[in-house]
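Participant: Sharing a structure with you now.
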Amino acid sequence: MKIAVLPGDGIGPEIVTEAVKVLNALDEKFELEQAPVGGAGYEARGHPLPDATLKLAKEADAILFGAVGDWKYDSLERALRPEQAILGLRKHLELFANFRPAICYPQLVDASPLKPELVAGLDILIVRELNGDIYFGQPRGVRAAPDGPFAGEREGFDTMRYSEPEVRRIAHVAFQAAQKRAKKLLSVDKSNVLETSQFWRDIMIDVSKEYADVELSHMYVDNAAMQLAKAPKQFDVIVTGNMFGDILSDEASMLTGSIGMLPSASLDKNNKGLYEPSHGSAPDIAGKGIANPLATILSAAMLLRYSLNRAEQADRIERAVKTVLEQGYRTGDIATPGCKQVGTAAMGDAVVAAL
């Protein structure tokens, strides 16, 4: 089994190193091949997603991704900025389903900004569609307004759109995920205002006829954002579009105490996927050895489970992470009084020892 390892920028190389360390500690050995991406790709090959990196990603059975982005690239034209690498990978590999778990570990309840009784036992899965919506809809741009009260003035515009096949395929993925959990699925939209959202809701209802064992409900995105902060444990699996999912998954991540704990998976129709931590590249702490590698290590566990069908090995890694937390090890972002505060490499070593 071949894994493409794309560390990226900022803290990416540090946290990916620890995930690779954990993978190498397993009984089964994998072929790991590394390539530059993001700002590192631009520096090495003049593009955030070099041809050789894309070729490796296509040939691999799965991709372990760090993070991309750095302020020093903000002056580049948009097509050359590091963030275009992840968008390009999603497009070329046809990764359309993003899984973002939000789990509050018992040992980290006090790290959450919410009261312990609100988050104890929290276990949410957000399924986000990745390829459509306003992020990719055309036309888009800046122009002179053709009409309206400010006709002739400059305006920016984007297009929110979804095709029926796009909505149906993410619906099936979400319903199947719900079948494996509590058999509850919440679809989040803004159908009281947006035609695209009403279209989304209608298709969700239609697809639900194929999943009689799953209870489908609906919620407007503004209410969902409020309810995530007010009573998050009412949710199990949430399915939503690209933009709403982007926002809600970041909100849900903070309920757990630290975004540094949360993995994610982006899958194609055959479960080949790209696995990355939910957090960004954090260039302000890059090279300091203090970043939390657990989200990346847990992303490696998701990689084993979903793309390589190695559920037992994935379980081992997840149990090891829980053991490390029970032993009191903490990086700075999840540190609490009386804990054993450690750096990036020491946390990786602790997980390997727990294996």
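A Cβ is built for glycine as well, from the same backbone N, Cα and C atoms used for every other residue.
Taken from Swiss-Prot, the feature substrate binding site applies to R90, R100, R128, D222. Positions annotated as Mg(2+) binding site by Swiss-Prot: D222, D246, D250. Annotation source Swiss-Prot lists NAD(+) binding site at G280, S281, A282, P283, D284, I285, A286, G287, K288, G289, I290, A291, N292, citing sequence analysis. Positions annotated as site 'Important for catalysis' by Swiss-Prot: Y135, K190.
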Participant: Which ones in the same chain are close to D222 (substrate binding site), with CB under 8 Å and 6+ residues apart in sequence?
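Facilitator: The answer is K190.
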Participant: Measure from the CA atom of R100 (substrate binding site) to the CA atom of D246 (Mg(2+) binding site) and give the result in Å, rounded to a whole number.
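Facilitator: Rounded to the nearest whole number, the Cα-Cα distance is 10 Å.
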Participant: On a count of neighbouring CB atoms within 10 A, which of the binding-site residues A282, A286, I290 is highest?
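Facilitator: Going through A282, A286, I290 one by one, the largest Cβ count within 10 Å is at A282.
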Participant: C-alpha of N292 (NAD(+) binding site) to C-alpha of D250 (Mg(2+) binding site): distance in Å?
Facilitator: 17
Participant: With an 8 Å cut-off on Cβ distance to the D222, D246, D250 Cβ center, who else from the chain surrounds the Mg(2+) site?
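Facilitator: So the additional residues around the site are V221, A225, M243, F244, G245, I247, L248, S249, E251.
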Participant: Taking Cα atoms as reference points, which of the binding-site residues D250, D284, A286, I290 is nearest to R90 (substrate binding site)?
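Facilitator: The answer is D250.
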Participant: Closest of the recorded positions to A282 (NAD(+) binding site), Cα to Cα, picking from R100, R128, Y135, D250?
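Facilitator: Nearest in space to A282 (NAD(+) binding site), counting only the recorded positions, is D250.
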Participant: Within 10 Å of each Cβ, count the other Cβ atoms and name the one among the binding-site residues D250, D284 with the highest count.
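Facilitator: When each Cβ's neighbours within 10 Å are tallied, D250 tops the list.
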Participant: Nearest of the recorded positions to D250 (Mg(2+) binding site) by CA-CA distance, picking from R100, R128, Y135, D284, K288?
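Facilitator: That would be R100, nearest by Cα distance.
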Participant: Of all the binding-site residues here, R90, K288, which one's CB has the most other CB atoms within 10 A?
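Facilitator: Compared across R90, K288, the most Cβ atoms within 10 Å surround R90.
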